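The next block holds one structure in the form of structure tokens; read it before the comments.
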Amino acid sequence: MSLTLADARIVTPEGVHEGWLTIEDGRITHVGHGSAPGPGLSVGGRHVVPGFVDVHNHGGAGGSFPTGDLEQAREAVALHRRHGTTTTMASLVTDTIEGLTRAAAALAELCDEGLVAGIHFEGPYIARSRCGAHDPTRLREPSPQEFAGLVKAGRGHVRMLTIAPELPGALDTIRMAVAEGVLAAIGHSEAGYEQTIEGIEAGATVATHLYNAMPPLGHRAPGPVAALLDDERVTVELVNDGVHVHPAMLRLAYEVAGPGRTALITDAMSATGLGDGDYVLGSMAVRVDDGVARLVEGGSIAGSTLTMDVAFRRAVQELGMSLPDAVQVASLTPARLLGLAGRIGSIAVGKAADLLVLSDSLDVDGVLKDGVWITEP
């Protein structure tokens, strides 16, 4: 199948140009300037950008990845695809080892199908004082041997582990994870500046939802935020929903880390795409009011109801990012984090035709996944 998108404003890492592109057999084969050389589908001057890549997502449309229910997971992926996320990593939450093993084994099937891009264990090796919406009764001290069992259950699809580096056994677990090709992410942690640096030196290269569930940035006690922002090896996740982090702090992180080290995430949970009401995240009861998810008991923020198109739009319209930079933090940087930048994350010849057609107001009008329309413009 061949498809040409014409009369487009194409957004690449280098900038925005008026032009066209051709797709054959699910891949981009030509990217040109000006008028298309032959017939094509006119997008009427709208923007064409790469599909979004979300490396931290717990579900949506009533479906929750932590349950390991495949039909729920498919519903969640379908919802996020309609909102422009063409690549999703399934994030779990703290559970028993048996529960995590079952969920990882089930989600590995969806990874085999290409429906999700990997599995992220957010917990159980996190700090009780910063556990947020995680079940405190199921937290555990890190164990390289135990985590090796979880990696085995994922059959090669485990991509990330969020861990508190100050816990006993954490540094050895980070080293073991990295040796297995798993990204180690620092988060849900009480670590100070020096302990965070120890985690980075052990191999951690990601900050799980920077600012949230960690000590704040201080001028005498810089804490994990300063250590994570300051190290060029670390990519920082940011939840840009107007709830998790003040826009001024988002801009600060972006100015320090730049588009090459910033990855927008949703941290979405099952209520995403649905209305207010009562839900569950892992084993924890959650209530959503005015689109904000919080634990019924205690009121901690419990993930989000964010989609990547909203995060992207806010990055441009409220944080002042250029379109190329916003595309980088929503697509290319997270793709690079997953080791997939050679295939997805930007518009270039040879890459997968995971593409979005955006209106002038940056709403998603069309979604292509591997050259097949999910939503036609």
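Note: Cβ is positioned from N, Cα and C throughout, glycine not excepted.
Other Cβ atoms within 10 Å of the Cβ of Asp267 (active site, proton donor/acceptor) number 27 in total over all chains. In the three-state DSSP assignment, the secondary structure recorded for Asp267 (active site, proton donor/acceptor) is coil. TrEMBL lists Asp267 with the feature active site, proton donor/acceptor.
The number of other Cβ atoms within 10 Å of the Cβ belonging to Glu122 (Zn(2+) binding site), over all protein chains shown, comes to 29. If you look up TrEMBL, you'll see Glu122, His188, His209 marked as Zn(2+) binding site.
What TrEMBL records for Ala133, Asn212, Ala213, Arg220, His244, Ile301, Ala302, Gly303 is substrate binding site. Long-range Cβ proximity for Ala302 (substrate binding site), meaning a same-chain Cβ under 8 A and a gap of 6 or more residues, is found for Gly132, Ala133, Met269, Leu281, Met284, Val286, Ala293, Arg294, Leu295.
What TrEMBL records for 48-373 is domain 'Amidohydrolase-related'.
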Key: Three-state secondary structure, Ile301 (substrate binding site) (per DSSP)   = strand
Key: Fewest other Cβ within 10 angstroms of its own Cβ, chosen from the binding-site residues Ala133, His209, Arg220, Ile301, Gly303   = Arg220
Remark   = Expressed in Å to no decimal places, the gap between the Cα atoms of Gly303 (substrate binding site) and Glu122 (Zn(2+) binding site) is 12
Request  = Only counting partners 6 or more residues apart, tell me which same-chain residues put their Cβ under 8 Å from the Cβ of Ala213 (substrate binding site).
outcome  = Ile126, Arg130, Cys131, Gly132, Gly187, His188, Ser189
Query = In sequence order, which same-chain residues at least six apart have a C-beta under 8 angstroms from His244 (substrate binding site)?
reply = His209, Tyr211, Asn212, Asp267, Ile301, Ser304
Remark   = Longest inter-residue Cα distance for the substrate binders Ala133, Asn212, Ala213, Arg220, His244, Ile301, Ala302, Gly303, rounded to the nearest angstrom, is 30
